[in-house]
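Q: Straight from Swiss-Prot, here's the annotation block:
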- Tyr283: active site (ACT_SITE)
- Glu290: active site (ACT_SITE)
- 109-133: coiled coil (COILED)
- 3-92: domain 'CS' (DOMAIN)
- 1-144: topological domain 'Cytoplasmic' (TOPO_DOM)
- 166-186: topological domain 'Lumenal' (TOPO_DOM)
- 231-239: topological domain 'Lumenal' (TOPO_DOM)
- 261-277: topological domain 'Cytoplasmic' (TOPO_DOM)
- 299-317: topological domain 'Lumenal' (TOPO_DOM)
- 339-359: topological domain 'Cytoplasmic' (TOPO_DOM)
- 145-165: transmembrane segment (TRANSMEM)
- 187-207: transmembrane segment (TRANSMEM)
- 210-230: transmembrane segment (TRANSMEM)
- 240-260: transmembrane segment (TRANSMEM)
- 278-298: transmembrane segment (TRANSMEM)
- 318-338: transmembrane segment (TRANSMEM)
Amino acid sequence: MSALTPHVYWAQRHGEIYLRVEISDAQDLSIGVEENILQFRGQGHGAKGENEYEFSLEFLKPVKPEVKHKSTQRQVNITVRKQEEVWWNRLTKQEKKPLFLAPDFDRWLDESDAEMELREKEEKINKVSFESRVRKDPFLGLKKGFLFMYNLVQFLGYSWIFVNMTVRLFILGQDSFYDTFHTIADVMYFCQMLAIMEVINPAVGLVKTGVMPAFIQVMGRNFILFVIFGSLEDMQNKPVVFFVFYLWSTIEIFRYPFYMLACIDTEWKLLTWLRYTIWMPLYPLGVLAEAVAVIQSIPIFDETKLLSIPLPKATGLSLSFSYILQLYLVVMFLGLFINFRHLFKQRTRRFRTKKRKAN
């Protein structure tokens, strides 16, 4: 009777080979490397039920004889170190891949991603080494306390907005759309004025984020709030105000508590997932709502000549502010594409790192 072979999944880094053998409740394991050939034998429950399984793999290039393995209820994980830290084009010396062997997509990285992972590890080691040599900031506790309180105040403010608007929507229905500004504006003004701190904090080194992304977001929102809604009474009774405010507050009631917990070195996995996921539908919807507000304001600015720039008296004309708004619309959707791509990469990097740690 021919020997039974289990399903084996593999992945690599520059210095290591990872094998995942699909045998549950494995016993009597015999795993070793001789003359660059990995020999595996073990009893357990695999693709052919409860049996003894075995396989051998002749590696493409030399590996170290020491083999690390860990058996769990579901599988056997094997780690083999390469003699040289180089990237392999394939796992085995023979070009034709064994039928039982397949890529482990849970751990799979292409060469460029693996190089990026190496750089991240080196940067982390260098950072830890540097921080161990540098005297700790005596004001670190004060800074964290300030940031915690800032995020707490913003969370409470946006939570009040979100709850107030939700309750009014259930009680009044669509009628709540038309007086949102007069009911919510004071708290929204407060939160958005306070949000200027999100530009100041990175500028003075309180947080390690870019100044420009924060500036674009804060100034973009304040432009909609103070110029489009605040300066035009005709805009304040439009339903679009409800949708803009509701989308803003929905995003922030997840973002600010995430930052609050980060200030005290705490993580709530569900909140982290929401922080890096909920923006995917809400951010484009928010930009769309802001664009609708800008479009609806253009004829009002044309009619009232508000904020128009007067030209020389000889012409008797003025440059309408609506031209600036039309240009702003183009910039807004360009910013949507750039920011969406940036946020998606940030999300991918965040969860890929967490997945590696879990493995």
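Even glycines carry a Cβ here, placed using N, Cα and C.
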Q: Over the topological domain 'Cytoplasmic' (339-359), what is the model's average pLDDT?
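A: Summarising the topological domain 'Cytoplasmic' (339-359) by its mean pLDDT gives 67.
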Q: If you count every Cβ pair below 8 Å, which range out of 145-165, 187-207, 210-230, 278-298, 318-338 shares the most with the transmembrane segment (240-260)?
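A: If we count Cβ pairs closer than 8 Å to the transmembrane segment (240-260), 145-165 scores highest.
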Q: How far is it from Tyr283 (active site) to Glu290 (active site), counting Cα to Cα, in Å?
A: 11
Q: Near the Cβ of Tyr283 (active site), how many other Cβ atoms are there if near means within 10 Å?
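A: Looking across every protein chain shown, the total is 16.
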Q: Under a three-state reading of DSSP, tell me whether Tyr283 (active site) is helix, strand or coil.
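A: For Tyr283 (active site) - judged by DSSP and reduced to three states - the answer is helix.
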Q: Does Glu290 (active site) have same-chain partners at least 6 apart in sequence with Cβ under 8 Å from its own Cβ, and which are they?
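A: For Glu290 (active site), the qualifying residues are Gly220, Ile224, Val244, Met332.
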Q: Restricting to the same chain and to residues at least six past its boundaries, which positions have a Cβ under 8 Å from a Cβ of the topological domain 'Cytoplasmic' (261-277)?
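A: Distant Cβ neighbours of the topological domain 'Cytoplasmic' (261-277) are 144-145, 147-148, 151, 254-255, 346-347, 350-351.
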Q: Mind checking which residues of the chain, 6+ beyond the ends of the topological domain 'Lumenal' (166-186), have their Cβ under 8 Å from one of its Cβ atoms?
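A: Residues 229-230, 236-239, 241-242, 245 contact the topological domain 'Lumenal' (166-186) from elsewhere in the chain.
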Q: In the domain 'CS' (3-92), how many residues does DSSP call helix, how many strand, and how many coil?
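A: Final tally across the stretch: 0 helix, 61 strand, 29 coil.
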Q: By DSSP, what is the split of the topological domain 'Lumenal' (166-186) into helix, strand and coil residues?
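A: The counts are 21 helix, 0 strand, 0 coil.
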